[in-house]
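Structure first, then comments.
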Ligand SMILES: [Zn+2]
């Protein structure tokens with residue numbers, strides 16, 4: 001199933017911020033908001049206004065700052081007081097969106113809420129109807145069934161809960177994998193079943209967490225069974241192991257031929273700034289933004305890389321560094337795993353010509369130094385120095 005539209009909804013300022021060791025100040029939140037606008041996400045969830053006064057004020061400030069037509073959401077629990085406060089916080093946005101959450105899984109209903117399923121339906125109906133009565137007919141209301149991904153045991157009830165929300169006035173049905181427990185396909189099949197029941201009565205949205213490291217896969221595949229909105233976070237921030245990573249999701253969809261509004265060149269600068277603003281370093285091997293992801297060290301890979309370096313499709317490259325706004329390039333480095341090609345390539349780049357025998361000699365020399373010194377990497381500068389001593393010697 002080809003997706004009709006894909007709306008990238010960012011929740012960094014709400015789900016991301018609430019899980020930080022030091023939540024952002026209002027100035028920091030404004031900066032993150034502006035980064036999101038520059039990145040051109042389709043919608044922004046700005047916070048949880050009823051949690052405290054600062055949060056309320058911040059949501060008001062960000063709502064007024066929002067560009068025309070950009071949906072600005074805020075989260076509320078399913079009670080009238082909170083809904084009223086939430087609406088007050090975001091109503092100045094050009095395009096405000098009310099987001100109400102309530103649990104739907106059997107486990108949560110029995111062990112956390114400790115009420116009957118009938119009461120759950122009542123709570124959903126009453127809260128959404130109330131929200132609709134205060135926001136008016138033209139405003140979007142999103143309903144999240146918390147723990148949707150854990151609602152396998154009471155799935156028939158869960159479908160009823162979402163239909164109740166739609167009848168009461170919700171236009172967007174958000175399906176969270178609040179805690180990632182099962183395989184992506186288990187979740188994706190549940191999304192498909194909900195889409196079959198909801199049809200075009202509401203937009204289906206996905207909100208996944210990364211407890212097992214599969215949030216991106218789950219979100220991306222959900223798009224192909226009818227989800228039209230994906231909730232994501234910058235640098236994969238969020239509760240526990242985080243929310244679905246914006247960059248991975250956007251690049252994966254782009255690589256599969258989908259059109260997104262994201263300004264891809266803003267990805268890397270945004271990621272670096274978010275790392276500074278959170279104090280959370282970016283891992284060297286982190287997809288899309290990790291420092292080491294364009295390095296090639298093994299002989300076979302280096303051969304493929306050098307032969308396809310200037311082609312749009314690289315033998316060992318899925319997207320180019322510049323596409324995501326990086327200043328670095330694919331790099332060839334030398335370790336005891338590397339081949340002759342690495343040396344030839346590195347010297348050639350510096351304009352140093354060495355004969356085939358010379359390359360062979362340098363290769364043996366560099367490999368023996370590496371092996372002698374705990375298999376360390378031999379830097380480009382060292383290879384150049386070695387080649388010069390060799391040339392002098394010759
Ligand atoms: Zn969440």
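Yeah, the Cβs are placed from backbone N, Cα and C, and that goes for glycine too.
Automatic, uncurated: that is what TrEMBL annotation is.
Of the residues 10, 15, TrEMBL places 15 in the same Zn(2+) site as 207, 209. Sequence-distant neighbours of residue 207 (Zn(2+) binding site) (same chain, 6+ apart, CB under 8 A from its CB) are 11, 144, 174, 175, 176, 177, 178, 231, 243, 244. The Zn(2+) site is set by 15, 207, 209; from the centre of their CB atoms, other residues of the chain with a CB within 8 Å are 11, 176, 177, 178, 208, 231, 233, 238, 239, 243, 244. In the three-state DSSP reading, residue 15 (Zn(2+) binding site) counts as helix.
On its own chain, residue 15 (Zn(2+) binding site) has 45, 231, 233, 237, 238, 239, 243 as residues at least 6 apart in sequence with a Cβ closer than 8 Å to its own Cβ. Remark: residue 209 (Zn(2+) binding site) has 176, 177, 178, 179, 180, 215, 238, 239, 240, 241, 242, 243, 244 as non-local neighbours, by Cβ distance under 8 Å and separation of at least 6 in sequence.
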